[in-house]
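Data block below; observations after.
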Amino acid sequence: MRDYEEVSAFLGEWGRFQRLVFFLLSASIVPNGFNGLSIVFLAGTPAHRCAVPRGANLSGEWLNASIPLELRGGREEPSRCRRYRLAALANFSALGLRPGSDVELGELEQEPCLDGWEYSRDVYRSTIVTEWNLVCDNDWKGPLSTSLFFVGVLLGSFISGQLSDKFGRKNVLFATMAMQTGFSFVQVFSTSWEMFSVFFLLVGMGQISNYVAAFVLGTEILGKSIRVLFCTLGVCIFYAFGYMLLPLFAYFIRDWRMLLLALTLPGLLCIPLWWVIPESPRWLISQGRFQEAEDILRKAAKINGITPPDVILDPSELQDVDSQRQQTYTILDLMKTRNILTITIMSVILWMIISVGYFGLSLDTPNLHGDVYLNCFLSAVIEVPAYIISWLLLRNLPRRYSMAAALFLGGCVLLFIQLVPSQFRAVSILLVMLGKFGITSAFSMVYVYTAELYPTVVRNMGVGASSMASRLGSILSPYFVYLGAYDRFLPYILMGSLTVLSGILTLFLPESYGMPLPDTIEQMLLVKGLEYRPASTRNSKDEEENPEIFKSTAF
């Protein structure tokens, strides 16, 4: 039996058809770049203090002294959540007493911000924090909104993989793009934090679903050499381009509703792509829809200016694939054999840790010293060289060594941040960006690596399940950032340590560099260092029938 790559070899690697699929699928990822991390600005928390109503009858001196000072970051700053009791201040003001000289402020009774807050307009004109007062006792709602988005991403990862394997890559791609754009538009008109968060969860479901569907669709249509280019310089750089547009939009649009609207409308530009992007011929073949797959290949040949062979897909040659189609594949097939179960467990751990590092560092940009827009832009720009390096590594070096090196770099750099003296803030930012560089490179490579390890019949399910597991990490990532309120080095120590451990784990995965994509579970590569131990004479017979399964693989 010939595999799909042999069948479609007559098309070439980089014809007009491949270039069209490459750039259109990559372009469909741009909205994901600015929607995925828009919460950095939508939920930005400006400097704030308790509001003092105009009818408080305070003199100018007492008005200025109405907010107690507290030590924050080594400096005394006005309290964000407390004020001196206004009734007492009004009495002192009426008696003509002066704060500090006549009245000792440290002995005065304090009260919470009963009249709301005053927010600085220096950075943001409005955010969901300023609109619904998500500060002080309600400050947990901001990180929860971010986590709910990633809960949606988790649900989307789980559902989209199975839907895409059942209904097709293209159908799920466009359905979830419509879901992301539609719910994001409705979110603009949110009347409460609860409404905003519910729709943010639904946006997250659509966002990851179309990302994974586009990724797998491109992986299955494009040839082996272009596949790596698509997964790194294609999908990822276009994602980074969208990410770079986020601080640009946010800098000029400081109102969160108008910003969200501006980030939503570009999704409408993807509608015409329905008539251009084809379904995956690999998926159609796996479903036994040979004629549809052949029609796509003949159309591709016409676009490339190539005369196709008289017979492209011979049903007799594809009978093994057809027999695979007769089976119903579910998420349980990711645990069918010891080998695929081991790969699934290792992929789950890797994706989870890498996700914590990537989103933790991305969400932490407002907490870095300096301009929030510039820091966010630098965090996006550093992804471009990371994707270029990952492409070069994947193109020329083994997958597991390349990914392990990137993880070791990102993890070790984050561990070094605690050694930098506090006065060298620029050095700390540089190390954070270098850590982001390493982890982003690994994030780019893990998509390619995972897609190559799983067979066609469960590939989208495998990538979706791995991506779903990584969302557990992204759900936790806002709280990794929050730990910085207790110890500013603690997030970096935790993320750095986990990243180094994931680099070690990567070394045990099988090497897929230079190998054809497996179409069936039986064609999967064996995990390095995994040994199958026959227990009795019965197993000796099995070993004779399946000698390659029992072969011990040296690490």
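Glycine residues also receive a Cβ, built from the backbone N, Cα and C atoms like all the rest.
Note that this is a predicted model, so its numbers are computed, not measured.
Transmembrane segment is the annotation TrEMBL gives to one range among 47-65, 123-141, 142-160, and that range is 142-160. Cβ atoms under 8 Å from those of the transmembrane segment (229-253) belong to residues 22-23, 25-27, 29-38, 40-41, 211, 214-215, 218-219, 222, 259, 262-263, 373-374, 376-377, 379-381, 383-384, 387-388, 390-391, 394-395, 444-445, 447-448, 451 of the same chain, restricted to positions at least 6 beyond its ends. Sequence-distant contacts of the transmembrane segment (172-190), counting only residues of its own chain at least 6 positions beyond either end whose CB sits under 8 Å from a CB of the stretch, comprise 28, 31-32, 35, 156, 160, 163-164, 196, 199-200, 202-203, 205-207, 209-210, 213-214, 217, 257, 260-261, 263-264, 267-268, 270, 273-274, 277. Tertiary proximity for the transmembrane segment (259-277) is limited to same-chain residues at least six positions away from its ends with a CB under 8 Å from its CB atoms, namely 20-21, 24-25, 27-28, 30-31, 34-35, 38, 41-42, 170, 173-174, 177, 180-181, 184-185, 187-188, 217, 246, 249-250, 253. Against the transmembrane segment (489-509), stretch 401-420 has more CB pairs under 8 A than any other of 20-43, 196-217, 340-360, 401-420, 426-449. In the predicted structure, the domain 'Major facilitator superfamily (MFS) profile' (88-514) carries a mean pLDDT of 83.
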